Amino acid sequence: MAPTSTPQTPFGRVLTAMVTPFTADGALDLDGAQRLAAHLVDAGNDGLIINGTTGESPTTSDAEKADLVRAVVEAVGDRAHVVAGVGTNNTQHSIELARAAERVGAHGLLLVTPYYNKPPQEGLYLHFTAIADAAGLPVMLYDIPGRSGVPINTETLVRLAEHPRIVANKDAKGDLGRASWAIARSGLAWYSGDDMLNLPLLAVGAVGFVSVVGHVVTPELRAMVDAHVAGDVQKALEIHQKLLPVFTGMFRTQGVMTTKGALALQGLPAGPLRAPMVGLTPEETEQLKIDLAAGGVQL
């Protein structure tokens, strides 16, 4: 059974978009994935996103995706929400991935906006609702036009929110004004998908965040959202400002590269990256050490 959720926080408040650990020869490291998932939940995560962008989903097979979700559910599914990334730019393929994720025990689905083919808003609506219809799991949309090439407009979000299983949105649009209107009008549970904007989005109505830096600072993120919910705005701001070097450092290059580099520095499961992604250079690793130390991360 998944942890308790509410309509306001269907996936909890603090989630980390987990990397996919690989062995030295590039194979899926299921044991490492289970150990990393347990570490992240022990640190304070309410949920984990599996097979997202940070999970190198473009380079894993459908079978690997299912195996990874199954392994993480076995490891932490009784105490954390396991949300499977199943979004592609092919609606039928996404439906197949959604059904597979449901079969292996996922608690929810993350659906990224179709990328490259740039469908119109009606196409986005049909795509998302078809997937939500095909599986019996709650859905978190993922609006990231910088990668997908097309935004989910507010009117479309309002329509999508009428679907009983579309309950949340991960916002990586970087537009607080649009977010403010969309939160107010759609009623969707709003999750920040941009670590630098975690606190600003909480201020305009977000309920939590899907984080990359949660791999290294989950306790601090937990403390920040708890302070905000308790009305201690000053404490939340102090934590946000303390973490600024981490937010900056973890995104000097692609987030999965710095995340796996940071995990390696901490002796946690990560492994190499699959092409076309590559590991950090020695110079990038040294800069990452400086950034993490400036944010109080112990290595």
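Glycine is treated like the rest: Cβ placed from N, Cα and C.
Worth saying up front: this structure is predicted, and the values here are computed from it rather than measured.
Swiss-Prot has this to say about the protein:
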type	residues	note
SITE	Thr53	site 'Part of a proton relay during catalysis'
BINDING	Thr54, Val210	pyruvate binding site
SITE	Tyr116	site 'Part of a proton relay during catalysis'
ACT_SITE	Tyr142	active site, proton donor/acceptor
ACT_SITE	Lys170	active site, schiff-base intermediate with substrate
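With Tyr116 (site 'Part of a proton relay during catalysis') as the anchor, the candidate recorded positions are Thr54, Tyr142, Lys170, Val210, and the one with the nearest CA is Tyr142.
Between the CA atoms of Val210 (pyruvate binding site) and Thr53 (site 'Part of a proton relay during catalysis') there is a gap of 12 Å, rounded to the nearest whole number.
Nearest Cα neighbour of the residue listed as 'active site, proton donor/acceptor' among the listed recorded positions (Thr53, Thr54, Lys170): Lys170. The most crowded of the recorded positions listed here (Tyr116, Tyr142) is Tyr142, judged by how many other CB atoms sit within 10 Å of its own CB.
In the three-state DSSP scheme, Tyr142 (active site, proton donor/acceptor) falls into the strand class. Lys170 (active site, schiff-base intermediate with substrate) sits 13 Å from Thr53 (site 'Part of a proton relay during catalysis'), taking the C-alpha atoms as the reference points.
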